[in-house]
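Taken from Swiss-Prot as is:
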type	residues	note
REGION	317-409	region 'Disordered'
REGION	423-446	region 'Disordered'
REPEAT	487-527	repeat 'HEAT 2'
REPEAT	535-577	repeat 'ARM 1'
REPEAT	871-910	repeat 'ARM 9'
REPEAT	953-992	repeat 'ARM 11'
REPEAT	958-996	repeat 'HEAT 9'
REPEAT	999-1037	repeat 'HEAT 10'
Amino acid sequence: MGVALTRSAQWTAAGHGAKTLEVTPLNEAIVKEIIMFVESFIYKYPQEANYVFVEPLEWKTNLDPSAFGSGYAVSGTTVKSEEADKNGEPLLYLSVPQIKIRSFGQLSRMLYIAKNMKLKEAQACIEANRNPVAKILGLDYNIISEKIGNSFVSNILDKITKDDDSESEIKMKIALQLKQLDLHLLNHSLKHISLEIRLNPGTVKNDIELLKQFSGKGKQTVLESIEYTSDYEFSNGCRAPPWRQIKGEICYVLVKPHDAETLCVTCSKEGVFLNGGKTDDEGQINYERKGEIYKDLVTLLKEKSAIFSENMSKQEIKFSEQPQKDQPNEAPKEEVAITHKASVTSRKSTQEKNRINLGRSQLTKRLEPSLNWRTSVSSKDRNTLRDTQVEKHGGKLEKSRSSVSPGRAQLIRKSVEKIEEIISDSSSESEEDEEQPDHRQEANADLPSEYWQIQKLVKYLKGGNQTATVIALCSMKDFNLAQETCQLAIRDVGGLEVLINLLETDEVKCKIGSLKILKEISHNPQIRRNIVDLGGLPVMVNILDSPHKSLKCLAAETIANVAKFRRARRVVRRHGGITKLVALLDCGKHSGEPAQSSLYETRDVEVARCGALALWSCSKSYANKEAIRKAGGIPLLARLLKTSHENMLIPVVGTLQECASEENYRAAIKAERIIENLVKNLNSENEQLQEHCAMAIYQCAEDEETRDLVRLHGGLKPLASLLNNTDNKERLAAVTGAIWKCSISKENVTKFREYKAIETLVGLLTDQPEEVLVNVVGALGECCQEHENRVIIRRCGGIQPLVNLLVGINQALLVNVTKAVGACAVEPESMMIIDRLDGVRLLWSLLKNPHPDVKASAAWALCPCIQNAKDAGEMVRSFVGGLELVVNLLKSDNKEVLASVCAVITNIAKDQENLAVITDHGVVPLLSKLANTNNDKLRRHLAETISRCCMWGRNRVAFGEHKAVAPLVRYLKSNDTNVHRATAQALYQLSEDADNCVTMHENGAVKLLLDMVGSPDEELQEAAAGCISNIRRLALAIEKARYS
């Protein structure tokens, strides 16, 4: 057994904790075989089953002490077996959660008791006891250190010869049985492995490339995006590091489905599975497997994404109905790639012929690898173009065509850049590079004349003198460097290396010319990565110390372009770039240039603007935010915020907006009085500046003091007025977000009501993107806490669009809309509308949502719906399976879900018929299991639920039998008065049963309740007094019975 567990079983990599068994079919098969061996051991080898282990097998169990019956002594949270060794020590000892077992007989009985949990228990035992043979038989029988074969048997025979007694003979028999099990497990593993699916790099690559063709933002696409985590491809077709290729891993891909978070997937020879994703520190992949192994990528995605599965079936139908739609000789209608038409058409026809149904079995024909670099728009560019076409043509995907104009190439470049910025998330250092495949021009392509002209200029840069170099740089600058052909021409002939080398010369003119070109071409995502790979960023960081302001400006602007992805931002920080960029914000004090006032001031402003621009790009990672703060960036940004230069204000506010996501920054922003200037710039005519100011307020308004400052400085009125301009969706999302967060304060809600913002918000509930809807509904949810605002929303017809949004899939939107609907349901008139629109059923269906936040919010919303419905009992019973669903939610691990569900059950149980139904569904034992909690919110609602459930049948007695009374008494020691009131009411109801009274008295309830009789809360007084009265009556009755 030791060798099989060491060599065949698949263990997780040694991280911060102990190794665990991976969740693989092979491991499951091994564990099941071990279970079968142990379960049958007691019957096949009854004498050996009584053998006492040298050391107990010990692990953390999930078994409940109550599961043990005859043959065991159960006392509270401990269990002892009646069967003991010669010293009287029990062979099984459980002290929750630790369990110790010292014989095969007890192991076999434990598995019988575990029932459905036996697999988990066996796995936990194996993980906690990596060398079980040594513990069972002693170190002399340690199979792990022995070689399988005759040497093992001979060693055992030697031991028996030396120790000629019955115990040694039993040990020998057990050792041989374990050796046979070991060999059986090894053979079983080999058979299992031989049946597993084996993928190869070509299969995986073609599947990913074909999926890319059907990816994008359109409704008909199967995925939003799918990208490799690494551009580098080894000669064997793998992209995984060599030390992972040894384990059979081929590559790693980031997949973004339409209806789920981004998935980090490992493609290996054994199959495809989810890994641990990107780590927070260095952005490396956590290679540990998190889930099942699937035969291919399509199968995994069908399991994880309903939209993928649905759209894949549509693609199958589409291609089966129109097999002849795309012919190689079709005339190109739209420009997509910068390359020769004949070359691309030929390649495209090959792709069209090879395009097949991804949902079927593995591809039968694979693309042959090529040594030629090709120039083509990357898969990401194609996705971006497809998304643009979806927006223009109502969601219909247009086919890509063969060539592209310079303007079209620039559009693609900007779109790709925007996607990359979105992926480079602003909230955390764990954002990941969206690395793209490295595309180069094909040698024999018919390229524009500019391509060859630029390559000639690069040759002059390489071999010319200083004068020739400057002339070549000036000539190169005259080309349209925004055109991708020109950018790639510079790179393909080695021009990037030359330009970066020029930055290390002493000639200022050469540096300026080189930086001007690098600044233009670094808008291209591939060029950015090439610059980082060639070590260009450290050189630019050093230039920031130059006394020449023009050089500093160009270097900072180029850094701003390059630092759009995580690796580049990390390089800037590690080479001291953040400190130097912060210094640029204050560069005027250290200037040594001629004091020509207007020119001097203009140059200073430009240097500070470029520095702020670079900091804005760098501030998208947490570590850089901290570096900016420690370098003293906040006071300098605050000072620049007072300037009148709009081109300066945008990057300054943008940097503050990114940084304001961190609590330390929000405190510093308050201290520097930045809110006042943010509010002031809301009145600017520049829409981009308004957007960033609103977004910064949105980030900062989590703090109550900041919300008050926004109101005091007059920021609510411009925010309300900006709601009327709905053309700019990005700005509208920022403004509605700021209004949402500001609405958390009641004083601000009153102001918004004065400015008629609530009516405007109701009007935004339709025909808006989800980013706007989340904020609009969030703001209405806060406003709905007041009666006047609920009336306004109802009169403006806001109930119906709110209820309509309950059918969405966006988690944040569902959380907000359920809160808003629940708040509206407090009004009887609104509740009638919600009921008529089937809103309660929609809320109830959200209890099945996989996201705990959505479940909890939906449950809270149901409470006022049940309270204010005309015939609540009948309404609840009308939902088929609804009561059982609510009761089963009591098995959740999320405290908020549990508290909200308890609140729902409290309202459901007001109807006696419904109370009877949920009692039949087992609500009493489930509530009793939750009693041992320290969460005051859950305690309060749990106590209220128990109080209400006591009013049916023998539920009072059942709560006592399930040991719910003693934990409730401890609730009285809480500091929360609401918990005291609910607990006293529950104890009062429970005290109607004599056994419960005894339990309360034993746990010291009387003294605690006596203190609460003097509470100013009348309900608490009454419940406490009633409970004491019941306990006292029981005591008197016992006393009377004793003397009579």
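Cβ from N, Cα, C; glycine included.
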Taking a Cβ cut-off under 8 Å, which residues six or more beyond the ends of the repeat 'ARM 11' (953-992) line up next to it in the same chain? 916, 919, 924-925, 927-929, 931-933, 936, 939-941, 943-944, 946-947, 999-1000, 1002-1005, 1008-1009, 1012, 1015, 1017, 1019-1020, 1023-1024, 1026-1027, 1030-1031
Same-chain residues at least 6 beyond the ends of the repeat 'ARM 9' (871-910) with a Cβ under 8 Å from one of its Cβ atoms are 835, 840-841, 844, 847-848, 852-853, 855-857, 859-860, 862-863, 917-918, 921-923, 926-927, 929-930, 933, 935, 937-938, 940-942, 944-945, 948-949, 951-952
How many of the residues that make up the repeat 'ARM 9' (871-910) does DSSP mark as helix, as strand and as coil? 30 helix, 0 strand, 10 coil
For the repeat 'ARM 11' (953-992), the DSSP residue counts stand at 28 helix, 0 strand, 12 coil
To what whole number does the mean pLDDT across the repeat 'HEAT 10' (999-1037) round? 89
How many of the residues that make up the repeat 'HEAT 2' (487-527) does DSSP mark as helix, as strand and as coil? 31 helix, 0 strand, 10 coil
